[in-house]
Amino acid sequence: MNAYKLLTPGPLTTTSSVKEEMLMDRCTWDSEYKNMTQKIRAQLLQLAKVDPKDYTAVLMQGSGTFAVEAVMNTTISGSDKALIITNGAYGERIVTIAQYIGLAFKEYSVAYDEHPKEEEIRNLLKEDQDITHIVMVHCETTTGILNPIEMVSDLSKEFGKTLIIDGMSSFGGMEINVSELGIDYLISSANKCIQGVPGFGFVIARTEKLIACEGISRSLSFDLYDQWKVMNEDGKWRYTSPTHVVAAFSKALDELEEEGGIPSRYSRYKNNNRILRERLSKLGFQTYITDEKQSPIITTFLFPNETFSFEDFYAYVKERGFVLYPGKLTDVNTFRIGNIGEIYEEDITTLCNVIEEYLGVMTK
Ligand SMILES: *Cc1c(COP(=O)(O)O)cnc(C)c1O
């Protein structure tokens with residue numbers, strides 16, 4: 001198998017130094033390892049711009065969805081009701097989670113290329129006083145649309161709701177001021193913008209609210225409260241933790257700091273995204289999401305013409321060192337290119353050259 005760079009929404013291309021951390025086997029009850037978990041938790045709170053007196057970080061085994069499910073399952077009780085805002089597959093997955101658990105919820109969905117509307121959310125909150133929680137995805141990785149987090153945060157504050165944000169594909173790559181936005185639970189995972197490898201998710205939680213959730217969980221493994229209680233003692237995870245992944249993540253956090261923190265990483269991603277969209281636009285590719293709603297994370301492109309074959313395109317580009325992502329829409333033919341991870345301007349330029357070359361070959 002030839003090495004390639006991942007231009008996908010995660011897992012991402014990581015540095016060699018992050019991967020090298022996984023060459024050592026670590027003991028879960030050893031104090032050095034437990035301290036590593038505690039250091040990670042403290043660093044995550046700093047990245048989220050929260051006061052450790054008010055917020056706590058909980059790490060959860062599994063992929064990102066497991067962490068979302070843990071939050072839904074632990075923080076929404078039988079007498080609560082969630083308003084779930086959706087405009088893509090990840091929001092819809094939260095609805096599925098709510099159905100599995102048997103939560104009371106209201107889904108407010110808009111088209112995949114549209115933002116939820118303030119007036120409509122306001123009316124829903126006025127009409128249905130049973131709603132206690134608002135849940136939304138920040139960057140909908142389905143399309144790359146960036147959802148209006150400030151607007152939803154303002155409404156949540158105004159109506160006094162608990163706010164749950166799936167910041168899976170944005171946290172670490174974009175500034176999210178969790179305390180200023182009044183987010184109660186922010187969810188992300190190891191293998192997205194922090195640039196670690198897959199194996200666990202994490203939640204930045206308002207401590208006071210999480211403590212009040214004791215006993216709500218309908219599941220043992222997905223009990224975020226219990227996970228926190230055990231981890232908070234000395235950094236030892238409840239049940240076996242993914243030791244190699246934790247070590248890699250710790251290194252990835254240090255490397256994020258060395259890069260200059262979130263502002264620097266955001267500039268790099270934004271620049272990658274800008275170059276990608278400018279160059280592909282010149283080659284005749286249209287984007288599914290308009291510029292003002294586009295995230296600097298991943299972009300959805302429409303097929304350039306009727307004869308375009310994604311399989312053929314994918315194979316051509318992969319052979320030249322880059323892996324792309326298929327589209328996730330049913331109404332239009334699209335593909336996606338992520339620009340996060342250990343990816344720089346040179347990579348994007350090389351990729352665009354390869355795509356230009358492919359189009360030349362295709363029209364011959
Ligand atoms: C990646 C992602 C998830 C989690 O996906 P997993 O495959 O479970 O890691 C959830 N929400 C969003 C917005 C994502 O981008």
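Backbone N, Cα and C define each Cβ position, glycine as well.
In TrEMBL this protein carries:
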- Arg336: substrate binding site (BINDING)
- 34-324: domain 'Aminotransferase class V' (DOMAIN)
- Lys192: N6-(pyridoxal phosphate)lysine (MOD_RES)
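Geometry remark: the residue listed as 'N6-(pyridoxal phosphate)lysine' versus Arg336 (substrate binding site), CA distance 16 Å. Arg336 (substrate binding site) carries a strand DSSP state (E or B). The candidate set comprises the recorded positions Lys192, Arg336. Of these, Lys192 has the most other Cβ atoms within 10 Å. Summarising model confidence by region, the domain 'Aminotransferase class V' (34-324) averages a pLDDT of 98.
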